[in-house]
Amino acid sequence: MCGILAVLGCSDDSQAKRVRILELSRRLKHRGPDWSGLHQHGDNYLAHQRLAIVDPASGDQPLFNEDKSIIVTVNGEIYNHEELRKQLPNHKFFTQCDCDVIAHLYEEHGENFVDMLDGIFSFVLLDTRDNSFIVARDAIGVTSLYIGWGLDGSVWIASELKGLNDECEHFEVFPPGHLYSSKEREFRRWYNPPWFNEAIIPSTPYDPLVLRNAFEKAVIKRLMTDVPFGVLLSGGLDSSLVASVTARYLAGTKAAKQWGAKLPSFCVGLKGAPDLKAGKEVADFLGTVHHEFEFTIQDGIDAIEDVIYHTETYDVTTIRAATPMFLMSRKIKSSGVKWVISGEGSDEIFGGYLYFHKAPNREEFHQETCRKIKALHRYDCLRANKSTYAWGLEARVPFLDKDFIKVAMDIDPEFKMIKHDEGRIEKWILRKAFDDEENPYLPKHILYRQKEQFSDGVGYGWIDGIKDHAAKHVTDRMMFNASHIFPFNTPNTKEAYYYRMIFERFFPQNSARLTVPGGPSVACSTEKAIEWDASWSNNLDPSGRAALGVHVSAYEHQINPVTKGVEPEKIIPKIGVSPLGVAIQT
């Protein structure tokens, strides 16, 4: 994948404008260090920074149809491109690049071809015959994309905010699963799955083999590559299943013939972190070539400004988790690996976050999963995309495969609910689907390991260390006046205030701050789910430890010595235990 920048309908076609667009495109160079390109057609500019994964030799962009009347710049991976080529027998392709099909599909089907694409993508397509254009983003928003409007009437498209924020009067997140047409001058949704209507509660019975097969297909199709790759392996359920399925099926792929059947795996954490221990155990079980990266709290703190610049957010949960991922991505890229397969999306689909223990019924459980999936592009998708692309590393996420989501979201949510009296913990149906006694995918205790949020699993001292650091830079007086300084998404903790100050230095525009989600949350819940328990209403910390009793000791005993002199109640949340045994921050 890559970084894209397009300026459409610009009133200035001078050389100076071209130079400026090249300058802005270079702000995205980290996303595509292998090659860059800029195509100008009249008052339209399409720029591209390429990370070459498929057909590195001839897949440079922009891409064209036969007579070059259709021009495409795209950030994406089209997993069914070979099947689509077979449906276009009368077309000539200039490259083997998977995204080469887009221009030709448009020629055949007009604007209504986007749902034919199986993959992740953000693209701009310019039809020079009538000077019209379309822009589209993948179903869930795995790829990042923004749209802006200039005072001269131009439309700007960029993979990251930093490509357009200094030039546009207004800009916003390009909505996932949508297409923007210059002819209609509006967005329209091309992705319309049944679960988008939250009022419709699915009733399909749970079939473990159907779920297992759907996930295996999602992983296998993502092994399309002409360059070395690896897997992120924290030792949690999601990354372990991804690694297990990848290792199991890698030998029969073209990738194995090129790069060998030994799968590289990667894990990051503080010294002694839960993830390092569990990741090593899973790697030994699967026989991967495992790499561990230890970081210190100071390493993470030193990286926070870079993390905020690259992730373009001030959301607390995202920054906490993105920092170790950012550090690990640099190490991975230096090893020669160009992309990794990762486990994002499972918790949203299956209700894996620990607050789902309190879901009152199947209807509200399902509706919350719908809300969580719809918001992924602002949270985990953003983190996984931008913290890896900061170093020119691509992340692929099989749990967010369109076909797999359909299978998983069609299941009656009654089967997903946590039921202690029946021995069902969070994500029980996913665990059960891969519980194979004869040919085990994972060790039993790993398969049934309880949920750890990434920012917790890398080491409980990490979050406490950030809070300590923020407390030294944000005073009580600053917090007292926070609502006047930041009236939108007012930070309610010193950590949040610290992140916000950094974000505003990089992205001071009002449009920029509006791209970041806000509102109260407990252990990553949506605001609506807080209604499930009255004691959650005063929650200030989105960490998973705010909803899990076994983590109380981490809050009590892992405080960094630098907090000396800071009142503990300002740093450490108070924990109460609910009747379900779930610790809730109060």
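These residue numbers are counts, starting from 1, taken along the chain as shown.
Just so it is clear, glycine is given a Cβ too, placed from its N, Cα and C backbone atoms.
Cross-referencing LEU232, LEU233, LEU382 with the ATP binding residues that Swiss-Prot gives (VAL268, SER342, GLY343) picks out LEU232.
Between the candidates ASP43, ASP67, ASP98, Swiss-Prot assigns the L-glutamine site shared with ARG50, LEU51, ALA52, ILE53, VAL54, ASN75, GLY76, GLU77 to ASP98. Under the DSSP three-state reduction, ARG50 (L-glutamine binding site) is assigned to strand.
Compared over the binding-site residues GLY76, GLY343, the count of CB atoms lying within 10 A of a residue's CB peaks at GLY343. Long-range neighbours of LEU232 (ATP binding site) (same chain, six or more residues apart, CB within less than 8 Å of its CB): SER239, VAL242, SER265, PHE266, CYS267, MET328, VAL340, ILE341, SER342, GLY343, ALA395. The average pLDDT the prediction assigns to the domain 'Glutamine amidotransferase type-2' (2-185) is 93. Its Cβ placed at the centre, VAL268 (ATP binding site) has 28 other Cβ atoms within 10 Å.
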